[in-house]
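Single-structure report; data block below.
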Amino acid sequence: GPQPSVSNSEGDLLFLLDSSGSVSYYEFSKVKEFICDLLRPFTFGPKDVQTSIIHISTTPTMEFPFDQYLSSGTVQQAIRDTQQLMGDTNTGQALSYAKEKLFSDGAGARPDVPKVLVWVTDGFSTDDISEPMQLLKDMGVTVFIVSTGRGNYLELSAAASQPPEKHLHFVDVDDLPIITKELRDAILDVIQANRLHAVDITSSSFRLTWPELLSQETGYYTLEYAPAGDLARKRTTQVSGAHTSLTLSNLTPETAYEVVLIPESNIHYFPPQATRVTTLPEEITPAQVFISESGPHSFQVSWAPALDSVMGYQILYGPLPGNSAKLLEVDGKKNSTVVENLAPNTTYLVTVTAVYNSGKERSLSAKACTQEEGSKVRHLRFEDMGPNTLKASWDAADGKVLGYRVRCRRQTGPSSVLSVSPQIHSVLLTDLAAGTTNKVCVKPVYKNQAVKGLCRLVHMQP
């Protein structure tokens, strides 16, 4: 079933894949499925997990470097596309090659992050593995071994990290899914971020997380942060020892911040932890303005996106044509408001201005039309359909409508009346002379109610 996403982990995860002729095509494909399932919940990226595959064959071969695929989808596809090389099972050579690549900038490996090696084998090797494996472990690499054959238990338990019951698995290739969660949890114990780490980064905030070093009773944390280019603007905050995260807000967009976490304890000394976090570029709002629920004396104005960095909105509106305008102020946490006390059957220009905490302003305008007083029909509009022909369209009227009556009073020629069913919301008007102005009215028909129609003048081009 679907796995919950795993974040707040950081490490270089290398798979040593037996690609030799001693492995059948079926076994190789099942191992690839196992690696895909093992990695599926991880978050990949330069500050998260990176992964690579090295083939065990006559000559060791890297399938892809650590920094080539930095999303779950591309990693999954790259593993599915991996082809078996055949050849000899020179595992010792592959381990020496892995040692070189695990600590190589050229292979995309990162300094100061946990290194994990997962060796999937049928238990057979044509060369010595003990010395190169020990060199890897001496350099801090955690080694997990999954044996799908009848490998020598003593040899493999000595090769895996200690204790072997946590780092060594013997399982038939068809039963690999049984150990997937157990192995993933063990890997997570190694690569779970054990330092000050930033997540949920936006243009004006980020959340800091850190390992559980203190408790409510044993101390507190002091956090210091400042823009990297202006350390004199340093700010300080304190939280109790029970905390392992804190969100910093009201930050400047696209700015690098130096952050230091100082654990204050009377029992143990914990060294300060530092990190640098860069906020994202500022999003622009409003990027869209919407007009809805238009009536004779009001309409609703909505905008998007709604951002934490906005302090408030100013809504400026006035009739067209005209020079008069009114101002409405809205709280920055809202993204819509109703504009009221308007004149019916009037077009308004509405401008939404976002006022940012930084003092910047962004504006976007839209036109809005109020409805004719007493009319149940909304938004009568026209579309040119060719010589002397227009298409009149309208939005459905409220309530149980029996139908619509459309009257066209021509400047030259006879008037006409069309009746349509309640499901029809458009008609074609023909024989409209060029250069004339014609009046079109749409009126809904109710069983026991007489209502006013919505009328518009429409001008035909000469």
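Yeah, the Cβs are placed from backbone N, Cα and C, and that goes for glycine too.
What you see is a predicted model, and the numbers here were worked out from it, not measured in a lab.
Sequence annotations record features per position, and here TrEMBL assigns domain 'VWFA' to 12-191.
Annotated domain 'Fibronectin type-III' per TrEMBL: 192-283 (among others), in sequence order. Summarising model confidence by region, the domain 'Fibronectin type-III' (192-283) averages a pLDDT of 87.
The feature domain 'Fibronectin type-III' is assigned by TrEMBL to 285-373 (among others). Counting residues of the domain 'Fibronectin type-III' (285-373) by DSSP class, helix then strand then coil, yields 0 helix, 50 strand, 39 coil.
Under the heading domain 'Fibronectin type-III', TrEMBL lists 376-462 (among others).
Helix, strand and coil counts under DSSP for the domain 'Fibronectin type-III' (192-283) come to 3 helix, 43 strand, 46 coil.
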